[in-house]
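*Asks:* Sending over a structure as structure tokens; questions will come in a sec.
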Amino acid sequence: MMKLAILSALAGSAAAFAPAATRASSSALNAFSAADLPGALPPVGFFDPLGFAEKADEKTLKRYREAEVTHGRVAMLAVIGFLVGEAVEGSSFLFDAQISGPAITHFTQVPDGWDALIVTFIGAAEAQRAQIGWVDPADASYDQPGLLRDNYYPGDIGFDPLGLKPEDPEELNIMITKELQNGRLAMLAAAGFLAQEAVDGKGILEHFSS
């Protein structure tokens with residue numbers, strides 16, 4: 001069951017990257033530099049101890065931010081998948097409730113065929129995301145792999161079914177910062193979940209209850 005939850009989380013993460021019919025535009029999204037980059041909060045401020053942002057040009061910085069926000073979104077879904085999957089294992093109608101154990105073992109318990117279907121779905125969604133934000137490799141220089149479009153703001157793939165995206169630039173920066181902070185925390189949490197379950201073979205919820 002846990003495996004199913006993880007797979008569902010992965011599939012959900014890919015679905016979150018699927019494009020909407022229209023994309024909102026904002027002048028705030030067109031400006032992109034380390035000086036006014038959302039995501040910095042006191043008391044830490046702009047945390048870049050190794051100077052990656054300082055050494056990066058605008059295009060490289062955009063790729064860094066795209067990677068961060070995307071991994072943060074996947075991590076947030078993964079954390080939910082860990083907790084929900086372990087909570088419902090043995091009681092779900094899916095796969096005859098046969099998937100059990102720590103979340104990191106669930107994927108290998110999924111019946112043959114389902115894993116391929118999920119991977120195909122994720123790949124298709126990611127391809128759509130790439131079409132929105134990435135320059136066609138045929139049109140990009142060989143020394144600029146993964147080049148993002150000039151009018152693309154990292155993470156802005158047009159997925160806003162509830163219309164929550166603010167029109168005001170300052171409010172938008174606040175929302176972006178909140179997403180980044182939650183994504184950063186989730187990346188640490190997901191890494192901790194994976195490491196802990198790999199070390200002792202116990203589920204996260206089992207640790208909470210012990």
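Counting begins at 1 with the first residue displayed.
Cβ atoms are placed via backbone N, Cα and C, with glycine included.
No curator has checked TrEMBL annotations; they are predicted automatically.
Taken from TrEMBL, the feature chlorophyll a binding site covers Glu68, His71, Lys178, Glu179, Asn182, Arg184, Gln196. The chlorophyll b binding site annotation in TrEMBL covers Arg73. Per TrEMBL, signal peptide is recorded for 1-16.
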*Asks:* Could you check the binding-site residues Arg73, Arg184 and say which one's CB has the fewest neighbouring CB atoms inside 10 Å?
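*Replies:* Per-residue Cβ counts within 10 Å for the binding-site residues Arg73, Arg184 bottom out at Arg184.
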*Asks:* Can you tell me the CA-to-CA distance separating Arg184 (chlorophyll a binding site) and Arg73 (chlorophyll b binding site), as a whole number of Å?
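*Replies:* Taking the Cα atoms only, Arg184 (chlorophyll a binding site) lies 9 Å from Arg73 (chlorophyll b binding site).
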*Asks:* Compare all C-alpha positions of Glu68, His71, Lys178, Glu179, Asn182, Arg184, Gln196, the record's chlorophyll a binders, and send over the largest distance in angstrom.
*Replies:* 27
*Asks:* Return the residues near Glu179 (chlorophyll a binding site) by Cβ distance under 8 Å, restricted to its own chain and a separation of at least 6 in sequence.
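*Replies:* The list for Glu179 (chlorophyll a binding site) reads Val69, Gly72, Arg73, Gly155, given in order along the sequence.
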*Asks:* What is the Cβ neighbour count of His71 (chlorophyll a binding site) at a 10 Å cut-off, with all protein chains included?
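*Replies:* For His71 (chlorophyll a binding site), the count of other Cβ atoms within 10 Å is 17.
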*Asks:* Do any residues at least six apart in sequence from Glu68 (chlorophyll a binding site), in the same chain, have a Cβ closer than 8 Å to its Cβ, and if so which, in order?
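*Replies:* For Glu68 (chlorophyll a binding site), the qualifying residues are Pro154, Leu180, Gly183, Arg184.
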*Asks:* List, in sequence order, the same-chain residues at least six positions removed whose CB sits under 8 Å from that of Gln196 (chlorophyll a binding site)?
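*Replies:* Residues satisfying the criterion: Lys202, Ile204, His207.
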